[in-house]
Ligand SMILES: [Ca+2]
Ligand SMILES: [Ca+2]
């Protein structure tokens, strides 16, 4: 072998080693593998009836809380075999107990796999519309329901679209319109992992209404929770892999303009907004690698983070709750209501906390 050829091979091997080492370091940073979790508990107890997770929770101003439960997510274990369910609970009740919602209409319940949710109240007649991201047979679609009586969801329609390839969460802005955040740009899991490894932010936020579907924001590594500010002027998106919350301003014609990102130091999942203060509350994953193994001896932890004054020059980011996974595994959402808090998880239980 010529000296030149040997040199070229050696250079290629060295370049590959540097690339592998960089990728490994990037992955370790992204997954917070060296982070130690210090437990910080609050006055919380388990909610009854929730044993298969509550990936997303949202609470209306009048105290009615909706849950999605039983998500099957790629590579993450599930403790329940059956299809997913929806629940409702009244936060005004002294001992809130979630009740399963009956689903009526044309939806295939045997493959129901509910993920992110959002609720829209039509002020014209006070009707309540429940939007649910659904992944039947690993697909990505949005179901719109009307909440009827005390415990029934009437299925109205299913929405799927090429710009909605891997929706994680949505925020409804009308009876049939919403913003959606995709957690993958490519439908392929392998290609998605490659974008994470290379640090290429390709995920998009999409606006949907009948007859008008378009990308309104991009440059996101992996989009997760999405929600609206109290005045409805701003959209918040959690870029879970980038450890921050992106703030966008809604402009005429439902265009989004990027304003800023607020670092949270954790992998934050869904976002809920306190209906009195406008504070953002997030369920986050402090050590997400443990989600994939879910070893009962070394379980994935839970973390709740709050952001106050997000639109000021100095947003205040505080850690409100931390568990090492022995109480609560894999928190995804923290929904505040009048000094109390509901906390949901991907596949574990849910908590009711009194912060007063
Ligand atoms: Ca949501
Ligand atoms: Ca989520």
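Backbone N, Cα and C atoms are what each Cβ position is placed from, and that goes for glycine too.
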One of 113, 224 listed by TrEMBL as binding Ca(2+) 1 at the site of 55, 56, 168, 269, 270: 224
Cα within 10 Å of residue 55 (Ca(2+) 1 binding site) - qualifying recorded positions among 44, 115, 117, 353: 115, 117
CB-centroid shell, 8 A cutoff, Ca(2+) 1 site 55, 56, 168, 224, 269, 270, site residues removed: 115, 116, 169, 225, 238, 283, 332, 333
Of 44, 117, 224, recorded positions neighbouring ligand 2, Cβ under 6 A: 224
Residues among the recorded positions 44, 56, 117, 169, 224, 269 that border ligand 1 - Cβ under 6 angstroms, in sequence order: 56, 117, 169
44, 269, 353 screened against residue 115 (active site, proton acceptor), Cα within 10 Å - retained recorded positions: none
Conformational class of residue 55 (Ca(2+) 1 binding site) under the three-state DSSP mapping: coil
Residue 117 (Ca(2+) 2 binding site) - helix vs strand vs coil (DSSP): strand
